[in-house]
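Student: The compositional bias 'Pro residues' feature in TrEMBL is assigned to A:532-541. Marked as region 'Disordered' by TrEMBL: A:512-541. TrEMBL lists A:49-69, A:75-100, A:127-146, A:166-185, A:197-216, A:254-280, A:292-316, A:336-367, A:388-407, A:413-435, A:442-463, A:483-505 (among others) with the feature transmembrane segment.
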Amino acid sequence: MSNHVNVPALVVFVLFFLLVTVLGFLAARWRKADNALHLHEWGLGGRSFGTWVTWFLLGGDLYTAYTFIAVPAAIYGTGAAGFFAVPYTIIAYPLVFLFLPRLWSVARVHGYVTPADFVRGRYGSKALSLAVAVTGILATMPYIALQLVGIQAVLDVLGVGGSGNWFMKDLPLFLAFAVLAAYTYSSGLRAPALIAFVKDTLVYIVITVAVVYLPMKLGGYGHIFDAAATKFSTVSPITHKPTGSMVTGPNAQWAYATLALGSAMALFMYPHTVTGVLAAKSRKTVRRNMALLPAYSLMLGLLALLGFMAIAAGVGKDVKGYNAQLAVPQLFDQLFPGWFTGVAFAAIGIGALVPAAIMSIAAANLFTRNIYKEFLKPNATPEQETKVAKIASLLVKVGALAFVLGMDKQFAINLQLLGGLWILQTLPAVAVGLFTRWFHHWALLAGWAVGMAYGTWQAYGIATPATKHFGGSTTLIPLIGQNGYIGLTAFVLNLLVAAVLTVLFRLARTPQGTDETSPEDYRAEAETPESTPGPVPAMAD
Amino acid sequence: MSTEVRRTSGEEVSRSLPPVAPERVLAGLALAVPVVTMLWVSSYAKLTPAFGGMPFFYWYQITWIPVSAVFTGAAYLLLGRDEKQRKAVRGGDV
């Protein structure tokens, strides 16, 4: 790519990295816990985060480095179709406003750390809980890998680690990774919570500057959109179709809407999102954040426009097989002064570390609570749980690193697409379960299996000129005859199977399993008199 | 399950504050508006009128981000009011 090293940018980048490393280790002492060996201390920051910390934490968690790279890259590549990320984030908050407070409350009363903990308690089913946990881990792993891909894109454009033998080439990534692993291990969720302050501040500064400064250099928004329109009207020599469009055509509207809806529903099923929410100290904190988090969406919407700016700036023009993921980093590199490029790259790089830390903690919590404690060592003490979770968080990250280095990057991206449609299949058990226990747990398990199989099979069949399988996430919806998001179709199928089987199981009077929750648990506040502050009774077993 | 609810919340409470309170209905509507608006893609899939060089498709959706936050904020306040009323009634009963 670029053979020169952008020295001022590199210096600023490294300085910010050092700053967050120090913060990451100091975080262990921030809001120090009474009993640091409890899993809800390491894995949920003591369930003590107020509105602002939660806002920064969730913002840092949901709007990842990969988002910063991939959303504008999609706009750069296809135009309007990539903009579905905006309605997606608009829809997400009103939707989850309904069920996240209930999840928070029931988790608080019963000491649940993961969504699979809730499923176990609600349905009394080990199998269903295991399905939810495994799906969560599977969906999270490629997501962590993509955070590392985000760092790699930045390092590439910075001009470090581009050449030499494999070790020198990936050395910067190893370093970033080792630092991340070390402070997550020692500080748990407190580390990303504290670093999120730095990350989000940087991101806000960079985006604000970018949407004002870059159009000035590129001759205004009118010119930027004209340049994009010109690019998308040219016909591709391979497919003989235009490469993209400025608005979604009549045939693409179902795909646009179903992608937005399906992704919004999937967003809060991801274990790392649940971890961020359960770390909040009150039900009110959660609700308030649903109204405050759109501030990040606004930034995402503006950021998406950078894809068009990259077109107007001629980034990657006439480069054969250009990697669109580099469009935004190269845009910054070309148009910003060196030192500010460093700030922008630090925003992306640190933007990768925060979610990667939270994701690995979430996956570790799932493994510890729902596999280790459930199946391997039922009488594990809280200290043992915490120790296992710490080690699991390391293993998850090593796995992600091996993924990025050993396999095709495209494979990680495909898997992340699959991860989204997989995690959506846990929604009937988790989110629907928060409102009703009408569904039978075996029916839910069958629905989940059908949704997973159908979605994976459909996605496997999608070919593009670039890849033979998993080339996209939309295909023809049966009966409706329009293109739509596979994940959502699979979800509807999942729900249908679960409903039909539930009726059958009820007719056959199959045992329902025990429900350890009661209706009041779903409305519980932190300050209700019967619950003591700090650790809840269920945690102290 | 349903008998459990009635017993703990009390007949008196459920009569004075029905589950379908106006606050709850309004909050539900406030949450539904942004979702429906965004899913109705054909209503905004067009280039004009442009704003400062930005096609309608883009500025319309970006504008809906803060607007949706106002709707969600309204739902937050409405439900807060509803919960306070319920708590007051419950407190008076006990």
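Don't overthink the numbers, they just go from 1 along the chain as shown.
Using the three backbone atoms N, Cα and C, a Cβ is placed for every residue, glycine included.
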Student: Give me the stretch from A:166-185, A:254-280, A:292-316, A:336-367, A:483-505 with the greatest number of Cβ pairs under 8 Å to the transmembrane segment (A:127-146).
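Tutor: If we count Cβ pairs closer than 8 Å to the transmembrane segment (A:127-146), A:336-367 scores highest.
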Student: At a Cβ cut-off of 8 Å, and with pairs 6 or more apart in sequence only, do we get at least 3 pairs between the transmembrane segment (A:483-505) and the transmembrane segment (A:388-407), yes or no?
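Tutor: No, the transmembrane segment (A:483-505) and the transmembrane segment (A:388-407) are not in contact.
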Student: For the transmembrane segment (A:413-435) and the transmembrane segment (A:197-216), does the number of C-beta pairs under 8 Å, pairs 6 or more apart in sequence, reach 3 or more?
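Tutor: Answer no, regions not in contact.
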Student: State, in range form, which of A:75-100, A:197-216, A:292-316, A:336-367 has the highest count of Cβ pairs under 8 Å to the transmembrane segment (A:254-280).
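Tutor: Ranking A:75-100, A:197-216, A:292-316, A:336-367 by Cβ pairs under 8 Å to the transmembrane segment (A:254-280) puts A:75-100 first.
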Student: Which residues of the same chain, at least 6 past either end of the transmembrane segment (A:197-216), have a Cβ under 8 Å from a Cβ in it?
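Tutor: For the transmembrane segment (A:197-216), the far contacts come to 16, 19-20, 23, 56, 59-60, 63, 68, 224, 296, 299, 302-303, 305-306, 309, 313, 331-332, 335-336, 340, 343-344, 346-347, 350-351, 353-354.
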Student: Using a Cβ-Cβ cut-off of under 8 Å, list the residues of the same chain that are 6+ residues beyond the ends of the transmembrane segment (A:49-69) and lie near it.
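Tutor: Residues packing against the transmembrane segment (A:49-69) from afar: 85, 143, 146-147, 149-151, 153, 192-193, 195-197, 199-200, 203, 267, 272-273, 275-277, 279-281, 285-286, 288-289, 292-293, 295-296, 299-300, 303, 325, 328-329, 347-349, 351-352, 354-355, 358, 416.
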Student: Give the nonlocal contacts of the transmembrane segment (A:292-316) in its own chain as ranges (CB under 8 Å, at least six residues past its ends).
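Tutor: Tertiary neighbours of the transmembrane segment (A:292-316) are 51, 55, 58-59, 62-63, 67-68, 71-77, 82-83, 85-86, 89-90, 93, 200, 203-204, 207, 210-211, 214-215, 218-219, 223-225, 227-228, 231, 322-324, 326-328, 330-331, 334-335.
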